[in-house]
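S.K.: My questions all concern the structure below.
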Ligand SMILES: [Zn+2]
């Protein structure tokens, strides 16, 4: 099973990715993780990527492709994989297609978790975290019984500094600009399946499994 997972920050993508990995036992490949691991192991590619990241620059497509390709060649990916955070551009998507083609493989499905911007803004700006135990509450969806106090341990709740509407709006804008061409690309190829990410986590996962079960 070779799949791609697309979803904005706050779409619930991380949670769903973990559940997919657990249920279907396929490696979850996040470009962020591979970069970190290559930098940690001080590989040649890792050191090259680090030069860009240290300057706050985006890692060029060519380098990202090389790093993802080398990961896809590893043994555990022979049964399949779930890509997360890659491809980010249509250039990367085309290159991935080409590479898989050369290997006699293809993508099964591209899952897009669709959530309204308003919901995402509420999910993120409403978030309140317990200082003591890390339990997460939300002013719109999961209020604590007593304002500012953790239901579990009585600890003080706080809002993360970058969970502001301004930051979220900026992240959503960047995500949209990058991803719309990609959605269009996969939609034209007939690979795209949209999942309603507004639903409860359980229902979202159920819908995803319905799609994935149909391809195995
Ligand atoms: Zn707590």
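Every residue, even glycine, has its Cβ placed from backbone N, Cα and C.
Automatic, uncurated: that is what TrEMBL annotation is.
Not measured: the values here are computed from a predicted model.
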S.K.: For the ATP site that TrEMBL lists with 10, 11, 12, 13, 14, 15, 127, 136, 137, give the additional residue from the candidates 78, 199.
M.R.: 199
S.K.: Who are the long-range neighbours of the region 'NMP' (30-59) in its own chain, taking Cβ under 8 Å and residues 6 or more past its ends?
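M.R.: For the region 'NMP' (30-59), the far contacts come to 17, 66-68, 70-71, 84-86, 88.
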S.K.: Give the sequence-ordered set of same-chain residues, not counting 130, 133, 150, 153, with Cβ within 8 Å of the centre of the Cβ atoms defining the Zn(2+) site.
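M.R.: Other same-chain residues with Cβ inside the cutoff are 131, 132, 134, 135, 151, 152, 154, 155.
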S.K.: With the cut-off set at 10 Å between Cβ atoms, which of these binding-site residues ends up with the most neighbours? Options: 10, 12, 14.
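M.R.: Max Cβ neighbours within 10 Å, all protein chains included: 10.
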